[in-house]
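Right, one structure below, let's go through it.
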Amino acid sequence: MSAPSQARHIVNFITGNANKLGEVKAILEPAIQVENQALDLLEIQGTLEEVTLDKCRRAADLVQGPVLVEDTCLCFNALKGLPGPYIKWFMNSLGHEGLNNLLAAYEDKSAKAVCTFGYSAGPGHEPILFQGITDGKIVPPRGPPNFGWDAIFEYEGQTYAEMDKAEKNKISHRAKALAKLQEWFAKEMTA
């Protein structure tokens, strides 16, 4: 006799970034089924929380169902939190070397990687935010340069790019935020 199947949450993760999708699936599945849809959503300027809430509301309206969105910051302490939620544009314009050059005049190379996920059950449902933070420092690029700023963000002696994917998925800002999401979904399942 087979075990009864348990109901699983299904989330539609809104991203066009295959690396992010892979990490989210590796962390959440099989407990939460992750589907994917790439939508071109205009991002407002604001705090990370404002950007994530707005993106989540608009995605839920477009999809007409439950959505999961994510926004990431890389905050340089010497620059009072910049580039922050604008890291994507800084990275595209400056690259790894340019980001390092922003800190050339500063002794403080410390930084925070911040990930905020927004979940909405659908149109008209207020998004819920889940945030994870990892402290590290900015270093010259090490490791494969194929996932954003992973090659310049060092955590306990290794850049994210140098880490095994499974190891990174245990300690990263994204993993910490997703752990909070998983905890919330687990409570919802028993409610």
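Counting begins at 1 with the first residue displayed.
Keep in mind that glycine also has a Cβ here, set from the backbone N, Cα and C atoms.
Positions annotated as ITP binding site by Swiss-Prot, on the basis of sequence analysis: 15-20, Lys55, 71-72, Lys88, 147-150, Lys168, 173-174. Long-range C-beta contacts of Lys55 (ITP binding site), restricted to its own chain and to partners at least six residues apart, with a cutoff below 8 Å, comprise Ile14, Leu41, Glu43, Val69, Asp71, Gly118.
Under the heading Mg(2+) binding site, Swiss-Prot lists Glu43, citing sequence analysis as support.
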Candidate with sparsest Cβ neighbourhood (10 Å radius) among Lys88, His173, the listed binding-site residues: Lys88
Where Lys55 (ITP binding site) sits in the secondary structure, as DSSP reduces it to three classes: helix
